[in-house]
Amino acid sequence: MATAVAGALGLLWGWLWSERFWLPQNVSWADLEGPADGYGYPRARHILSVFPLAAGIFFVRRLFERFIAKPCARHVGIQDSGPYQTQPNAILEKVFISITKYPDEKRLEGLSKQLDWDVRKIQCWFRHRRNQDKPPTLTKFCESMWRFTFYLCIFCYGIRFLWSSLTSGLYYYYIMELAFYWSLMFSQFTDIKRKDFLIMFVHHLATIGLITFSYINNMVRVGTLVMCLHDASDFLLEAAKLANYAKYQRLCDTLFVIFGAVFVATRLGIYPFWVLNTTLFESWEMIGPYPSWWLFNGLLLILQVLHIIWSYLIMRIAFKALIRGKVSKDDRSDVESSSEEEDVTTSTKSPRGGNSSNGANRVNGHMGGSYWAEE
């Protein structure tokens, strides 16, 4: 029995690491052994250190958010307070949970007659109830500060190895990036839920697959470039979100414009015309396709599709933000999700907020920054 199990595992292991699948013709795993220090060529066993490191990163993140990010948030005036609690009402709560969070005019009129409430009051109830489920600004600030810190540090670290073969430094860069994305895979289910949850989940899967594959297959130069291209814009987005949460709207808008320009330049410019051109066409001419070549380029193309989707979303958000910047707050419908209105309320209560008109300008005076940040 034990012999049969061992034989089956041996066949599975041989199939999993088939040279015909992973490597070009006339190349074997023995060719990638390299020198005795283990850093001449990547080795599959190096990846095993990712999983305890991912758990360590998750633990460090919790410490960072509690002892570094949270004090920084309080320093810039972000208070540790939960959302406004709505007035309890069993009928409206049942409608909110079971039917709709955005009642139309006909339903609002029916609820108004049933409760003997003014329609505007019911609209406000639903608006506050929607905002009650949203995480507080302090939580979002801490999450963004952690990501900003990691992306900035790992981007600066990775720039050093763009033109290197595998060294111990490049090994640490790869392993740290891979561990970080594994930690995001786990923490995504406990972090703030966003509209692009599914897209981000696919992105993390594709990224983990690409990092692992490119490392094992000794495509570290392509992998390093792809990771640096992504990190170049990611830390700018997190910095813009931090500025928005802290109510530094001019800085927020400036960082968002820079982020948009860098994102489009790297992911719609350098990535397809440099990286994909090399991996798809130049590599075809040099070594020809082989089974894992299709997998590798398929994952790269998935990322490019996501880049196009995100670029469209960024441009749409920027356009709507510009339009909203020209519309006064009083002209907006009360049934609209009012996260930006909450930001105005917060800013007018803040010691740095000044008067009420200043608070409104923080939303409508500069590209409608709170709107795009929430999106």
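Each residue, glycine too, has its Cβ placed from N, Cα and C.
On a predicted model such as this, the values are computed, not experimentally measured, just so you know.
Residues of the same chain lying 6 or more positions beyond the ends of the transmembrane segment (42-60) and with a Cβ under 8 Å from any Cβ of it are 17, 32, 166, 171, 174-176, 178-180, 182-183, 186-187, 212, 215-218, 220. Marked as transmembrane segment by TrEMBL: 42-60 (among others).
Here the domain 'Homeobox' (92-136) is broken down by DSSP into helix, strand and coil counts: 32 helix, 0 strand, 13 coil. Under the heading domain 'Homeobox', TrEMBL lists 92-136.
What TrEMBL lists as DNA-binding region is 94-137. In the predicted model, the DNA-binding region (94-137) shows an average pLDDT of 86.
Among the features that TrEMBL reports, domain 'TLC' is placed at 128-323.
Look at TrEMBL and you will find 171-190 (among others) tagged as transmembrane segment.
Same-chain residues lying 6+ beyond the ends of the transmembrane segment (197-216) with a Cβ under 8 Å from its Cβ atoms: 22, 42-44, 46-47, 174, 177-178, 181-182, 184-185, 188, 222-223, 226-227, 230, 292, 295-296, 299-300, 302-303, 306, 309-310. Per TrEMBL, the feature transmembrane segment maps to 197-216 (among others).
Per TrEMBL, the feature transmembrane segment maps to 255-274 (among others).
Under the heading transmembrane segment, TrEMBL lists 294-319 (among others). Counting residues 6+ beyond its ends, the transmembrane segment (294-319) has Cβ neighbours under 8 Å at 196, 199, 202-203, 206-207, 209-210, 213-214, 217, 219, 226, 256, 260, 263-264, 267-268, 271-272, 275-276, 279-280, 367, 371-372, 375 in the same chain.
Here TrEMBL flags 331-375 as region 'Disordered'.
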